[in-house]
Amino acid sequence: MSELVTAAQMRAIEQAAISSGKVTGLALMERAGQGVVQAICETWPELTIGAHGAVVLCGPGNNGGDGYVVARLLAARGWSVAVFAYGDPARLPPDARANYERWCRVGGCAPLTALDDSTFSDAAVTVDALFGTGLTRPLPSEVLNALMFASTRPNAAAPQRPPIVAVDIASGVDADSGRVIGGDEQGDELPYWPALTVTFGAAKVGHMLLPHAGDTRHKLVVAPIGVEDDIARAYLTWNVVEHLDLAAVRHIDLLGRPDISLQALELAKDVASHKFGHGHAVILSGPAGRTGAARLAARAALRVGAGLVTVAAPRDAMAENAAQLTAIMLREAEGAAALADLLRDKRLNAICLGPGLGQARARDLVPVALDATRDRDVSGVVLDADALSAFADDPVDLFTMLHDGCVLTPHAGEFARLFPDLSARLNAPAMTGPAYSKVDAARDAAERAGCTVLLKGSDTVIADETGDAAINAACYDRAAPWLATAGSGDVLAGLVTGLLARGYAPVTAAETAAWLHTEAALSFGPGLIAEDLPEELPKVFRALGV
Ligand SMILES: NC(=O)C1=CN([C@@H]2O[C@H](COP(=O)(O)OP(=O)(O)OC[C@H]3O[C@@H](n4cnc5c(N)ncnc54)[C@H](O)[C@@H]3O)[C@@H](O)[C@H]2O)[C@@H](O)CC1
Ligand SMILES: Nc1ncnc2c1ncn2[C@@H]1O[C@H](COP(=O)(O)OP(=O)(O)O)[C@@H](O)[C@H]1O
Ligand SMILES: [K+]
């Protein structure tokens, strides 16, 4: 897992490093510029040989300062560099001003409005250093126009515009939410898609959220600038906290291989244990003709290591399930009384309701499952799909029944049914930064529900009542678009249930399941359907060293 930072946290970390005397702002800016040039060379190795052209667009703050460093370093490699500035360079902050003046001893600087088609004719890259983490308002129209001009081919006969390298983040995008400031309900369209984004010290939260994270051709590089040690949870130390609003000190982790690998130890089965040592998961099935979703979830729960898995089905669905289940057990549970009876067996320690369940059955059974598990030491409940939508008319009714062993796994539509106000806030155009983000929405939902919430998407966010959150980013080199297939959410619900049965804490079960789900999709590759996901887990486990 690695820590993601907000703009405020990054500023506090930099200020703390500067005020401790460990580094100067100028040195940080120099390293940032070096990081951009190095990432350009690594992304396009052909540019390391010979001299090329670059267009560098510089803004009115320190992001612009980074741009002047990049311009100077590329010129030092013999490149011909054309610099265009937005705003009055005389009003740049001190470090950026110093780098502007250094650049002026090397080359010229034209206003942004002077860009024309000939500007790009010999350029191998365009560098966007207009706005970074300091963006708080919609882009001025002059800047928006320049970015659209730099990214759009004027006509079919003209050559393509050069690829754009975003310094820190694409200008116009809010670093905390990944959203476009001044975007609209049509879906926050970015002013342009960078080919490469080079950020500093740590990825910002917004890099891992849509729409920013939504383009699979987009590469993200985190360039070290010497404050990385400070970032590793360091904003809890006194010298950083004094630069930071304490209310902002809540962790957001990016789920990643090293940390999940540590959990491989937990995923492994103990040599001395028998099946009852790994828990018993129950998946509630829907009526005849709608049983597939429950079996997908059950298969995932078994593959992820639950010792036993039982599908509990209504009478009319028994034959259909029996015809298709082997290692997974089958019990009849027609209605509320039958489920209450089944759950008297305390060995059943994780329950999944939702996939294919039907809303009427969900309304009957969810209260029973929550009641039966509330005061048990070890018991988890996963509510997905119909078990969430069934409470759209009265979400508070559901929230009063939930307990801290619960995990809700809504997609955006189900989330909107249970948390209409949070969904509306998330989907309203963002006019100021930091904008309300998917992380904020998941956190607020978890607090309101009093349990873990996993809000799905290629930028899945997991949050619990503590306010800490994690993102499973299926983007950049982990893009897994084949997960957008019927039933993959049912598999995810089963993975969470299986891990709960194995004794994982709800938030850890949700995080691990989301990560494994993406890894299974990546391991299988194109052509993936939901049935493939559980079957791919053994390969993922072997690769993890489980
Ligand atoms: N703080 C540091 O020590 C470092 C910062 N670095 C760079 O500095 C950037 C942050 O710099 P700044 O905080 O100066 O901010 P930016 O350069 O992102 O923005 C400049 C200023 O523009 C104003 N502004 C915001 N939105 C605007 C809008 N829509 N129209 C017009 N003006 C607007 C704000 O006052 C903002 O501070 C980072 O993204 C990174 O590129 C790097 O050099 C590494 C070191
Ligand atoms: N483009 C995508 N990239 C990565 N993951 C995705 C993508 N689209 C969907 N997913 C994941 O696939 C699952 C789909 O779940 P859901 O929407 O409930 O579908 P279903 O109801 O068909 O099972 C979620 O875990 C979601 O995060
Ligand atoms: K930028």
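Each residue's number is its place along the chain shown, starting with 1.
Note that Cβ sites are derived from N, Cα and C of the backbone, with glycine treated the same way.
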Matching residue for the K(+) site, where TrEMBL names ASN63, ASP128 - out of SER19, SER20, SER171: SER171
AMP site partner of LYS456, GLY457, SER458, ASP459, THR460 (as recorded in TrEMBL), chosen from GLY489, GLY494, GLY498, GLY503: GLY489
10 Å Cα neighbourhood of ASP168 ((6S)-NADPHX binding site): matching binding-site residues from ASN63, ASP128, LYS456, THR460: ASN63, ASP128
Least buried by Cβ count (within 10 Å) of the binding-site residues ASP128, ASP168, ASP459: ASP459
Any further residue of that chain within 8 Å (Cβ to the Cβ centroid of ASN63, ASP128, SER171) of the recorded K(+) site: LEU57, GLY59, GLY64, GLY67, ALA129, LEU130, PHE131, GLY132, ALA166, VAL167, ASP168, ILE169, ALA170
Mapped DSSP class for HIS411 ((6S)-NADPHX binding site), helix or strand or coil: coil
Candidate with the highest Cβ count within 10 Å, taken from the binding-site residues HIS411, LYS456: LYS456
Binding-site residues close to ligand 1 - of ASP128, THR136, ASP168, only those whose C-beta is under 6 Å away: THR136, ASP168
Under 8 Å by Cβ from ASN63 (K(+) binding site), same chain, sequence gap 6 or more: ALA129, LEU130, PHE131, GLY132, THR133, GLY134, VAL167, ASP168, SER171
Sparsest-packed of the listed binding-site residues (ASN62, THR133, SER458) - C-beta count within 10 angstroms: SER458
